[in-house]
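Novice: Next up is a structure, given as structure tokens.
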Amino acid sequence: MHLLQASCLCGSAPCILCACCPASRNSTVSRLIFTVFLFLGVLVSIIMLSPGVESQLYKLPWVCEDGVGTPVGLQGHIDCGSLLGYRAVYRMSFATAAFFFLFTLLMICVRSSRDPRAAIQNGFWFFKFLVLVGITVGAFYIPDGSFSNIWFYFGVVGSFLFILIQLVLFIDFAHSWNQRWLGKAEERDSRAWYAGLFFFTLLFYALSIAGVTLLFVFYARPGACHEGKVFISLNLTFCVCVSIIAVLPKVQEAQPNSGLLQASVVTLYTIFVTWLALSNVPDQKCNPHLLTHLSNGTFLAGPEGYETHWWDAPSIVGLVVFILCTFFISVRSSDHQQVNSLMQTEDSPPMLEATQQQQVACEGRAFDNEQDGVTYSYSFFHFCLVLASLHIMMTLTNWYKPGETRKMVSTWTAVWVKIGASWAGLLLYLWTLVAPLLLPNRDFS
């Protein structure tokens with residue numbers, strides 16, 4: 001009995017979730033538990049931003065100072081409590097990113113579950129949790145100095161890459177969705193599946209058009225906001241172009257599964273990223289999310305004393321999309337060969353899984369489906385979680401750059417990074433459309 005309890009604490013992932021996942025893959029359960037670790041870090045970060053918590057943060061060495069080492073609560077238009085909360089999020093993100101980066105290095109070139117390092121990946125959860133807690137405690141005692149400024153640039157790069165990963169996941173989801181419904185339409189000889197695809201394609205384009213209209217209304221005021229007008233117009237034009245290219249006869253001939261459903265998803269996501277970018281514009285005339293807190297308790301947009309909060313609409317929607325995409329990374333391998341190659345995943349042999357599932361079904365435990373080869377790159381999975389940690393850090397702090405300004409508002413860096421990511425994502429999707437035409441000798445099936 002004691003041996004069984006010890007194995008649940010120190011053994012494989014299936015032992016922990018055996019009660020609720022009696023026939024799950026070992027690889028899936030492990031990824032889910034690591035994702036739960038990441039979500040715990042996100043929860044702690046959100047708590048750090050809650051009112052009242054900052055009063056406890058003054059005791060730490062990176063407390064907000066007035067330049068001569070004297071802690072201040074509110075200096076002019078500086079909301080020191082918010083500043084401390086943002087810096088606390090930086091340290092929590094550093095802890096989770098460092099934890100997953102450690103596993104990124106540790107799991108390089110693991111080929112199957114027979115590798116001794118696979119036991120570390122799929123077990124010892126209690127001790128791994130202690131390691132994460134230890135790194136977190138240590139991170140909160142890092143003196144500020146240049147830490148926040150340097151870590152900001154890590155966040156910029158990581159968030160840029162994770163936005164691209166999100167787009168790849170959305171494209172893959174739309175591709176699989178389109179492929180399955182077309183298959184069912186042909187199999188059952190029913191037009192209802194075609195009608196469903198048409199309805200959702202039309203819905204996504206309608207939402208995109210509505211989004212563009214709202215962006216012009218709220219973020220592109222007449223006589224001002226020229227950058228916003230250019231960004232919205234360019235992205236709208238690019239989305240129209242890739243939608244047209246997606247249905248060209250030659251593209252359809254090379255890729256029969258390509259269609260407007262994928263293009264509509266890419267269009268909607270591009271408009272979404274454009275909204276996120278414009279919500280970071282540091283100009284109150286072009287950004288309705290910037291408010292000024294006045295001494296009489298009212299809020300007014302103005303050139304001084306901006307206040308922003310992570311729980312504004314763009315941040316909340318961004319957080320929901322982040323959670324969905326991170327969960328998607330954890331539970332699924334793609335049906336698309338190129339996405340599997342890019343995301344370093346592959347399907348497990350079905351015969352092997354069926355045999356192993358039969359063997360362990362009566363035991364109420366998950367089965368090891370990686371004895372002959374891993375179904376995903378352990379190292380790359382952890383690297384994706386590193387990028388996810390950096391992305392959520394930037395989302396929760398509204399891309400605030402420490403040291404550049406003490407106003408609680410992001411800079412143009414956030415705008416350009418997000419707009420650049422939207423353009424890179426459109427180029428990536430365009431490449432998936434034209435690659436079979438430009439490289440006819442390669443297999444893109």
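Think of each number as a place in line: the chain as shown, counted from 1.
Positions of Cβ are set from backbone N, Cα and C atoms, glycine also.
Pasting the relevant annotations from TrEMBL:
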SIGNAL    1-18  signal peptide
TRANSMEM  32-53  transmembrane segment
TRANSMEM  92-110  transmembrane segment
TRANSMEM  122-142  transmembrane segment
TRANSMEM  148-171  transmembrane segment
TRANSMEM  192-218  transmembrane segment
TRANSMEM  230-248  transmembrane segment
TRANSMEM  260-278  transmembrane segment
TRANSMEM  313-331  transmembrane segment
TRANSMEM  380-400  transmembrane segment
TRANSMEM  420-439  transmembrane segment
Novice: Looking at the stretches 92-110, 148-171, 260-278, 420-439, which one shares the most CB pairs under 8 Å with the transmembrane segment (380-400)?
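Specialist: Comparing 92-110, 148-171, 260-278, 420-439 against the transmembrane segment (380-400), the winner is 148-171.
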Novice: Relative to the transmembrane segment (230-248), which of 32-53, 148-171, 260-278, 313-331 accounts for the most Cβ pairs at distances under 8 Å?
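Specialist: Against the transmembrane segment (230-248), the leading stretch is 260-278.
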Novice: Under 8 Å for C-beta pairs, could you tell me which stretch among 92-110, 148-171, 192-218, 260-278, 420-439 has the largest tally with the transmembrane segment (122-142)?
Specialist: 92-110
Novice: Kindly say whether the transmembrane segment (260-278) and the transmembrane segment (148-171) touch, using the definition of 3 or more Cβ pairs under 8 Å where each pair is 6 or more positions apart.
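Specialist: Touching, yes - the transmembrane segment (260-278) and the transmembrane segment (148-171) meet the threshold of 3 or more Cβ pairs under 8 Å.
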Novice: Is the transmembrane segment (32-53) packed against any residues at least 6 beyond its ends, judged by a Cβ distance under 8 Å, and which are they?
Specialist: 13, 16-17, 81-82, 85-86, 88-89, 92-93, 95-96, 99-100, 103, 125, 128-129, 132, 136, 310, 319, 323, 326-327, 329-331, 381-382, 385, 388-389, 392-393, 396
Novice: Taking the transmembrane segment (92-110) as reference, which of 148-171, 192-218, 420-439 has the most Cβ pairs under 8 angstroms?
Specialist: 148-171
